[in-house]
């Protein structure tokens with residue numbers, strides 16, 4: 001293995017002045033230039049720490065970073081500071097302690113061990129879908145240790161292409177469907193033939209006017225937000241039995257791949273082909289429970305909620321919302337779910353349902369911008 005590259009303090013300052021974001025933990029140096037926009041605490045927070053020692057910030061207060069966050073940091077390791085070239089700590093430190101640190105051989109924090117592609121539990125040079133089922137009891141821990149690398153699922157290039165989706169494809173496919181079905185629902189209600197409870201009683205059935213359509217549409221969006229939470233919590237985050245190869249494989253296909261590589265931009269939204277099967281199933285359920293036009297109106301609201309959810313999910317990973325906005329807080333909340341609280345924070349487009357179901361991520365665990 002080649003010796004790590006050495007950096008002088010002057011070189012680090014020069015690179016930071018050119019826009020790079022290099023930070024260090026004692027003598028270990030990391031280039032976070034490609035991660036600053038993805039950081040849940042905001043880009044400016046990392047920018048202000050460029051060129052400094054972030055050891056104290058990792059340990060807190062106010063926020064003690066998780067083992068996953070420390071492992072993630074190691075993926076951006078670029079080398080060592082030259083002996084005696086360490087810059088001062090962000091906070092006052094004992095001079096003797098600083099001198100001792102400079103003389104101590106540089107070692108990686110054992111909590112920071114990242115994925116070694118040569119020694120990992122799976123072979124990253126081959127499709128992962130058919131390998132993960134053999135991990136057994138090791139699967140749950142492995143899948144919740146995120147890495148910054150692309151994932152290949154299938155041997156077939158065709159199947160692999162169907163498993164990936166650009167964010168705009170969801171909007172291009174489903175937004176026209178939402179608009180068309182909204183028009184169909186509204187014009188059907190405008191005919192004045194739709195009545196609620198007409199299958200039980202004709203005398204006391206309630207007429208549903210076209211003016212009710214916006215409220216029915218919003219009801220569909222509200223019901224989708226609940227369904228989003230329930231699917232994410234109880235389906236996507238089920239813990240498959242260690243002895244069941246097929247359930248482990250299914251879990252990885254549905255959601256495990258996203259937790260293993262949370263910033264794979266081609267796997268942040270659900271591909272239209274499998275999505276159409278699931279959407280068709282829920283439409284059939286609504287047709288059984290409600291009169292045709294009412295079921296369609298609720299469905300189109302839910303479908304719109306799904307499109308908003310997918311677009312928002314992509315933005316929470318790759319967007320740069322402004323400080324103090326709803327999306328700014330939601331981005332930090334969602335990324336915290338990936339790195340530290342995989343058993344909480346299941347709301348994506350809203351945290352509303354995390355409150356009554358008591359799965360809210362505590363606010364005190366979030367790092368605040370200065």
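Cβ coordinates come from backbone N, Cα and C, glycine included.
Feature annotation from TrEMBL assigns domain 'Cytochrome b5 heme-binding' to 4-82.
Residues annotated as heme binding site in TrEMBL: 39, 65. The C-beta environment of residue 65 (heme binding site), restricted to residues of the same chain at least 6 apart in sequence and closer than 8 Å, consists of 57, 58, 59.
The region 'Disordered' annotation in TrEMBL covers 83-105.
Annotation source TrEMBL lists compositional bias 'Basic and acidic residues' at 86-98.
The transmembrane segment annotation in TrEMBL covers 166-186 (among others). Residues 210, 213, 216-217, 265-266, 268-270, 272, 275, 293, 296-297, 299-300, 303-304, 306-307, 310-311, 314 of the same chain, all 6+ positions outside the transmembrane segment (166-186), place their C-beta atoms under 8 angstroms from a C-beta of that stretch.
The list of residues near the transmembrane segment (211-231) in space but at least 6 beyond its ends in sequence, with Cβ under 8 angstroms from a Cβ of it, reads 182, 185-186, 189, 282, 294, 297-306, 308-309, 346-350, 352-354, 357. According to TrEMBL, the feature transmembrane segment maps to 211-231 (among others).
Packing around residue 317 (Zn(2+) binding site) is summarised by its Cβ count: 19 other Cβ atoms lie within 10 angstroms of its Cβ, all protein chains included. The Zn(2+) binding site feature in TrEMBL is assigned to 232, 237, 255, 258, 259, 313, 317, 334, 337, 338.
Per TrEMBL, transmembrane segment is recorded for 268-290 (among others).
If one looks beyond the transmembrane segment (296-316) by at least 6 residues along the same chain, the residues whose Cβ comes under 8 Å of a Cβ in the stretch are 167, 170-171, 174-175, 177-178, 181-182, 184-185, 188-189, 213, 216-225, 227-228, 265, 268-270, 279, 282-283, 286-287, 290, 327, 330-331, 334-335, 348-349. Here TrEMBL flags 296-316 (among others) as transmembrane segment.
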Model confidence over the domain 'Cytochrome b5 heme-binding' (4-82) (mean pLDDT, whole number):
83
Return only the integer: C-alpha distance in Å from residue 317 (Zn(2+) binding site) to residue 39 (heme binding site).
9
Measuring CB to CB from residue 39 (heme binding site), give everything in the same chain under 8 Å that is also at least six residues away in sequence.
32, 45, 46
Any residues 6+ beyond the ends of the transmembrane segment (268-290) with a Cβ under 8 Å from its own?
162-165, 167, 169-170, 173-174, 227, 258, 296, 298-299, 302-303, 306, 310-311, 313-314, 317-318
Per DSSP, what is the residue tally for the domain 'Cytochrome b5 heme-binding' (4-82) in helix, strand and coil?
31 helix, 16 strand, 32 coil
At a 10 A cut-off on CB-CB distances, which of the binding-site residues 232, 255, 259, 337 has the highest count?
337
